[in-house]
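In what follows, a single structure is set out as structure tokens and then discussed.
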Amino acid sequence: MRRNIFCLACLWIVQACLSLDRADILYNIRQTSRPDVIPTQRDRPVAVSVSLKFINILEVNEITNEVDVVFWQQTTWSDRTLAWNSSHSPDQVSVPISSLWVPDLAAYNAISKPEVLTPQLARVVSDGEVLYMPSIRQRFSCDVSGVDTESGATCRIKIGSWTHHSREISVDPTTENSDDSEYFSQYSRFEILDVTQKKNSVTYSCCPEAYEDVEVSLNFRKKGRSEIL
């Protein structure tokens, strides 16, 4: 009997030592994370998935070919240095992005800085997977001709790493089946017809390496007056 009690006590002590609460996990992440160092593994690029979920189209200027858009930018990647044993601990935590390495993604045809509208927190899972999905307002330069027609206009937005070539960061569109207008405001003066995403690999005159980007094509048109009253 005493032996069984002793074994149970030892097991409880081991589990207590192995278990981590959220404060422990956050402390460990802050201690091990290196925000300035890209987390490549064995010379393989960091695989980054990105997609845009459009929330609203606020303004379209057909004279200057500019569009003002609000969207969620869903970005995922893996950083194995952040992983922990979740057997007796939470399997995910929210972490300020200032404590993490974050891909230096930029929209190549943006004409304003991204205005982040939500708390700058990322979800980190126990296997090291990171999801960052801020709500962003930003202006882009793109062809908006035809926005008043039935077929609408198609604005193309290119997003890729600003400094890392394809041997350091591999960028791919998120593969998922969802309604393109699922999150889009019903009160917008515009409506989404279609959204497509594709991957590009481009070599620029400045550099010998290829750079990857995700090209998001937003097909939209202005609603009829009767539809927005």
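The backbone N, Cα and C atoms fix where each Cβ goes, and this holds for glycine too.
According to Swiss-Prot, the features are:
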{"type": "SIGNAL", "residues": "1-19", "note": "signal peptide"}
{"type": "CARBOHYD", "residues": "Asn85", "note": "N-linked glycosylation site"}
{"type": "DOMAIN", "residues": "114-217", "note": "domain 'Ig-like'"}
{"type": "DISULFID", "residues": "Cys142-Cys155", "note": "disulfide bond"}
Quiz item: Cys142, Cys155: which of these disulfide-bonded residues has the sparsest Cβ neighbourhood within 10 Å?
Solution: Cys142
Practice problem: Across all the protein chains here, work out how many other Cβ atoms are within 10 Å of the Cβ of Asn85 (N-linked glycosylation site). | Solution: 10
Quiz item: DSSP helix, strand and coil counts for the domain 'Ig-like' (114-217)?
Solution: 0 helix, 54 strand, 50 coil
Quiz item: What Cα-Cα separation, expressed in whole Å, is found between Cys155 (disulfide bond) and Asn85 (N-linked glycosylation site)?
Solution: 44
Quiz prompt | Average pLDDT across the domain 'Ig-like' (114-217), rounded to a whole number | solution = 94
Quiz item: Could you give the Cα-Cα distance between Cys142 (disulfide bond) and Asn85 (N-linked glycosylation site), in whole Å?
Solution: 46
